[in-house]
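Among the features that Swiss-Prot reports, transmembrane segment is placed at 54-74, 78-98, 117-137, 150-170, 185-205, 255-275, 305-325, 348-368, 373-393, 411-431, 445-465. Summarising the annotation, Swiss-Prot assigns phosphothreonine to Thr504. What Swiss-Prot records for Ser565, Ser567 is phosphoserine, and it gives similarity to another entry as the kind of evidence.
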Amino acid sequence: MAEEFSNTTHESFNFTLHTTLGVTTKLVLPTPAEPILPVQTGEQAQQEEQSSGMTIFFSLLVLAICIILVHLLIRYRLHFLPESVAVVSLGILMGAVIKVIEFKKLANWKEEEMFRPNMFFLLLLPPIIFESGYSLHKGNFFQNIGSITLFAVFGTAISAFVVGGGIYFLGQADVISKLNMTDSFAFGSLISAVDPVATIAIFNALHVDPVLNMLVFGESILNDAVSIVLTNTAEGLTRKHMSDVSGWQTFSQALGYFLKMFFGSAALGTLTGLISALVLKHIDLRKTPSLEFGMMIIFAYLPYGLAEGISLSGIMAILFSGIVMSHYTHHNLSPVTQILMQQTLRTVAFLCETCVFAFLGLSIFSFPHKFEISFVIWCIVLVLFGRAVNIFPLSYLLNFFRDHKITPKMMFIMWFSGLRGAIPYALSLHLGLEPMEKRQLIGTTTIIIVLFTILLLGGSTMPLIRLVDIEDARARRRSKKDVNLSKTEKMGNAIESEHLSELTEEEYEAHYIRQQDLKGFMWLDAKYLNPFFTRRLTQEDLHHGRIQMKSLTNKWYEEVRQGPSGSEDDEQELF
């Protein structure tokens, strides 16, 4: 009845407009849009909610077990074992136990233990990438920015072309399974993402050359973003079905797409970071740390969503945003928010990394595999060869322009430290290859390569460093049991806040410029950019910051000392 009345009213209104205006063309109002309804309703929605709840429970359970494992590694000083290796091994063990439980038909957690690529790229990867940029040692990074960029951009592209081209031509020769050119390049791009978590932990423990440490660490940070952009480029070419386009046109379009993604995303992230610095410089939120911290969290995730929304790389944008916010915005924060931001990012990044490595181990039993021994062996050979073609020629080229030369021993360690990690694994699951057997072959091969590099190469890095005698003299005098490979323990002990310094910004700037022979961007940054984007701290600001920290610490300490009966230990004070 209501529908008939609505239709009658609609038609009469059209007729009224028609007669009133005296036009010859009938005026028709647009049909009302259909209401937006939930995708799942009723019993189906309830089942979806239950499934999501079990997935969350299972993920948190895995994380809790991994945290206990890391705690045991720290407590019993098993510092020779990197946390990533231990977590992957635990994931493999848990996957085997779940497989036995499913075989005995005691429970079915098949859906919960499956890794979802969208969850990785939307929830897990952004905090990891942002934290790596935010905690970056800016001095060593910018002093070696040319070398790092060459290895991360051109080196990754070389490795991707070597692996992708090798797979394509071996397939054409019927040595391994055939893949077309774009699929081969996509696999070469995703498998070129290095993640030397275990190697960096060993470098820090043995105090190797800081230049070597920064070259490997800096390359790995930019390399992740470059690898994702290259993989997206190959996928974009696949979606366009460019089989009738010449090779040169394909290459030129791929290059244009890559340059747009790389520089556009980097510019967006840099601009967002600079805007955040200006906002928090001119809007003083230091007296309300909760609002200040909330604004930082918003600006941290903002470039990722914007970049993905305009078809750029969110990972590249959030990386550069993290670097810029750490360099400028961080110094506009109150001391409480500075420390809170560092510890929160480290905690969230640790949880995300642990979750990814655990599910990487679980995937051995949960992922539908297609194993081809010749394909796996040739891919491992090509990965190692592509890394060598990347590192050694570029290192020799850079030595013509560097004062601090990259020695052959350092080149060898850089080649050996090309571990693969979570990003190749997630990218392999994200590829939309057809048929399904091809996707399973790529996924299985990627998992094997990742485990091979983490367990074998990562586990043998410390003996190799001792063998080639590249460690610092202090570390050489230590016994093996004193070497600490715990990233969690090291990062938990690091607290940085310039508010705890005794120098004002002007005094520190004058002292820094006087002590350092700054050139190029470093001089420009210290002279003009840093004063423009950061708040100038006076002695009064420093004094107020120290008082605030002491007051809050005493307050927290008193609350911690509060006994169950409500009594306090007033005799002891922290300060």
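Backbone N, Cα and C atoms are what each Cβ position is placed from, and that goes for glycine too.
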Contact call for the transmembrane segment (150-170) against the transmembrane segment (78-98), three or more Cβ pairs under 8 Å: no
Non-local residues, at least 6 beyond the ends, that sit with Cβ under 8 Å of the transmembrane segment (373-393): 151, 155-156, 158-160, 162-163, 166-167, 170, 175-177, 188, 191-192, 411, 414-415, 418, 420, 441, 444-445, 448-449, 452-453
Intrachain neighbours beyond the transmembrane segment (348-368), with Cβ under 8 angstroms and 6 or more residues off its ends: 59, 62-63, 66-67, 70, 83-84, 87-96, 98-99, 110, 113-115, 120, 123-125, 127-128, 130-132, 197, 421-422, 425-426, 440, 443-444, 447, 450-451, 488, 491
